Amino acid sequence: METIFAQSSAFGKAGVAVFRISGPKSLEVLQLLTGRADFKPRIMYYQQITVPKTIVNSASFAYKEPRVEPITNRRATSDIVSEGGSIDYKELIDNAMVVYFKSPNSFTGEDVVEIHTHGSKAISIMLINALLNIADIRLAEAGEFTKRAFLNNKFDLTAAEGIADLINAETIMQHRQAIRQASGGLEELYNNWRTQLLKIISLLEAYIDFPDEDIPDSVLNDVNNTHKNLVNEISNYLNDNRRGELLNSGLKLAIIGPPNVGKSSLLNFLMQRDIAIVSNIAGTTRDIIEGHLDIGGYPIILQDTAGIREESSDIIEQEGIKRAIHSAKTADIKIIMFDAEKLDSSINEDIMNLINENTITIINKIDLIEPNKIFSIENKYKCLRVSVKNNIALSSILKNIENIAENMAGFTETPYITNQRHRHYLKQALSHLTAFSLDNDLVLATEDIRMTARCIGAITGVINIEEILGEIFKNFCIGK
């Protein structure tokens, strides 16, 4: 296995930059950079990181921009004068904290070195160039450290995906979902199903391969019961309304309604900045304006849309209305706004057909009508009564959005399907599982279960036929 390295922290100015090296030559590289040999595992050392003499004097070594000149007042004590009269020294890169992790007790399961330098672009460039000029070490590919950890059985594929989701998490709920997955929540669920499938296979293989053995007929009843339970569990699990995927990607919220009812003002309020033009002129918003928001820990993708009205002679506005209706139909949550002064005239069939259980109906500009009309609206329409301009009852909008988001993507005891890859293999697994029947040839029936187990194994990255043999010898005394 090759030795690889990369900067694990973001490139740029920061308090600390972290570099990771993994592979059989990790310790040797650390010794070369520091001139020290006696590194004990899992102990932090404060060391000078230098460009080795062989690299400084090599014609192949050249810094990329920005050019960093040698700092002569920081030469190592081993500086000597070469035969040509020039200075030959180890160039100091930085004073850093370093730590060595011995295989297999590391993130990747290999020998690993971490170097913690100051977060300087120049330091990063110098150290990366120094590492690139050392023999038998190369720059890591994207995700290669995590890939090596998976290959060394540090975690399964779902946990690896959980780590990626954790890095990309922007809200508390996304963090909670990612940390549960990275900690093995999905692995435990899928492995439990796979263990039951392997048990079924081992029982059926015993019937097929050892027909003369005294195997009780009740075993087939156990197979049927386990099969039935698995079909129900996986079917119910797939029927989750994409809760985990919604939490990962964000819930789309479309703000729709007739022209000039305050949709753009509401978008600006929710975003806490002016991203949409607000005007008294109807039809100001022509295209969809999008913003991202965290409400109650849930990622919300806001979309302000063109005002919907039945008649418009403007071709561009007509296209905007089409896009608004499409946005509403594909949205997870909808806010439909009306003007309190023009309520009866602004309600049209196109808008009313968009209302469902995940719709928040809002009557805006409530401050512009008489109190007796407010009571009339309360009796006629189930909605929120607000004034975006004067900040009246706007907190109720946020609370309603949070409640719907929680209902659609809130936590349950069972971990969610978090991406399409899992859903794809689970659908395949269920297809093979429902095809299974003991009325069929036992060899074919066993193959259906085997394919189901392989689909589950493809999710976690574990596919091993030897496990089936292990189950057979574990549960039966063959050839006693």
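Keep in mind that glycine also has a Cβ here, set from the backbone N, Cα and C atoms.
Annotated in Swiss-Prot:
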BINDING   ARG20, GLU114, LYS154, LYS480  (6S)-5-formyl-5,6,7,8-tetrahydrofolate binding site
DOMAIN    250-406  domain 'TrmE-type G'
BINDING   ASN260, SER279, ILE281, THR284  K(+) binding site
BINDING   260-265, 279-285, 304-307  GTP binding site
BINDING   SER264, THR285  Mg(2+) binding site
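Summarising model confidence by region, the domain 'TrmE-type G' (250-406) averages a pLDDT of 83. Neighbour density around each Cβ, counted as other Cβ atoms within 10 Å, peaks among the binding-site residues ASN260, SER264 at SER264. The CA atom of ASN260 (K(+) binding site) is located 9 Å away from the CA atom of ALA306 (GTP binding site).
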